[in-house]
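The active site, proton donor feature in Swiss-Prot is assigned to GLU126. For CYS12, CYS96, CYS197, the entry in Swiss-Prot reads [4Fe-4S] cluster binding site, with the evidence type sequence analysis. The (2E)-4-hydroxy-3-methylbut-2-enyl diphosphate binding site annotation in Swiss-Prot covers HIS41, HIS74, HIS124, THR167, SER225, SER226, ASN227, SER269 and is backed by sequence analysis. Taken from Swiss-Prot, the feature dimethylallyl diphosphate binding site covers HIS41, HIS74, HIS124, SER225, SER226, ASN227, SER269, and the record attributes it to sequence analysis.
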Amino acid sequence: MDILLANPRGFCAGVDRAISIVESALEKFGAPIYVRHEVVHNRYVVNKLKEAGAVFVEELDEVPDDSIVIFSAHGVAKTVREMAKSRALKVFDATCPLVTKVHMEVHRASRKGSEAVLIGHAGHPEVIGTMGQYENREGGMYLVETPDDVARLKVKNPDDLCFVTQTTLSVDETSDVIDALRKQFPKIQGPRKDDICYATQNRQDAVREMAGLVDVMLVVGSRNSSNSNRLRELAEKVGSKAYLIDDASMIETVWLEGVKAIGVTAGASAPDVLVQNVIARLRELGGNMVVEHPGREENVVFEVPPELRII
């Protein structure tokens, strides 16, 4: 059984930055450091940071006065920032810069009074944060997930409307919804550049290229990771059996029966150590040659805040 590794896979620049912010804050200020929501959606990463002294909370009222709090990579609503400011909490913002770009687009629409549509999954932290950038009561902010949602959408002024997308969705998902929006609202304006992030796009492209070469695709990532779920769905859509696993212990031998080639990739919030453990386990189960599939090289780096840079 050959093992094919997707390239690129695993950590993106936004995740790397978010984790570095928490680690640097712990190193500089000591524990506890409070983090609003899981800094990234990966159980292994979160548990490691907990062991180092990070305390994960869902709301700021769980954070004691005079504490340091970090906002997760998914971003937060304006009301959360305002609450942190009113309590004089020391804040470090680990919001991915690509999510911040979407926030700025929504803020501009709100300021102008244009209505805005967000393509995203209800309840996802990034979606909650992005929806929370719109404050204009005279306008409107709407969430859609499918073309059917678009068909039911009623807006106040279809001539002054824009859309943005959740960064971790699949390109296939958003294209259908965008087509529906443009058909129903011919004057709708989109972002100057696609909101789907480079890492999401690259990892999806790698899976799309590999899926036809393997019998089974393993996606390393947590179940609450949006981009990891999209990778599994994409592999299945292209025609490969696919499984989302937190780690090597979740591999079931029945998946490998009759398999000549197996693919391995990882969501943008999954560390490489988990991938290496999966490879080791596959070798124990009969895997031999490990081949890294050619893909797009990534050299994007997002800097941590100056105050947290360790010299």
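Backbone N, Cα and C define each Cβ position, glycine as well.
Listed in sequence order, THR168, ALA199, THR200, ARG203, GLY221, GLY267, ALA268, SER269 are the same-chain residues six or more apart from ASN227 ((2E)-4-hydroxy-3-methylbut-2-enyl diphosphate binding site) with CB atoms under 8 A from its CB. For the pair formed by CYS96 ([4Fe-4S] cluster binding site) and HIS74 ((2E)-4-hydroxy-3-methylbut-2-enyl diphosphate binding site), distance between Cα atoms is given as 7 Å, rounded to the nearest Å. Between the alpha carbons (Cα) of CYS12 ([4Fe-4S] cluster binding site) and HIS124 ((2E)-4-hydroxy-3-methylbut-2-enyl diphosphate binding site) lies a span of roughly 19 Å. For GLU126 (active site, proton donor), the nearest neighbour among the binding-site residues HIS41, THR167, CYS197, judged by Cα separation, is THR167.
Of the binding-site residues SER226, SER269, SER269 has the largest number of other Cβ atoms within 10 Å of its own Cβ. DSSP assigns SER226 ((2E)-4-hydroxy-3-methylbut-2-enyl diphosphate binding site) to a helical segment in the three-state reduction. Look at SER269 ((2E)-4-hydroxy-3-methylbut-2-enyl diphosphate binding site): DSSP puts it in coil.
When every Cα pair among HIS41, HIS74, HIS124, SER225, SER226, ASN227, SER269 is compared, the largest distance found for this dimethylallyl diphosphate site is 15 Å.
Summary: among the binding-site residues (HIS41, HIS74, HIS124), the fewest other C-beta atoms within 10 A of the C-beta are counted at HIS124.
Comparing SER226 ((2E)-4-hydroxy-3-methylbut-2-enyl diphosphate binding site) with CYS197 ([4Fe-4S] cluster binding site), their Cα atoms are 13 Å apart once rounded. Taking the Cβ of CYS96 ([4Fe-4S] cluster binding site) as centre and 10 Å as the limit, one finds 26 other Cβ atoms among all the protein chains shown.
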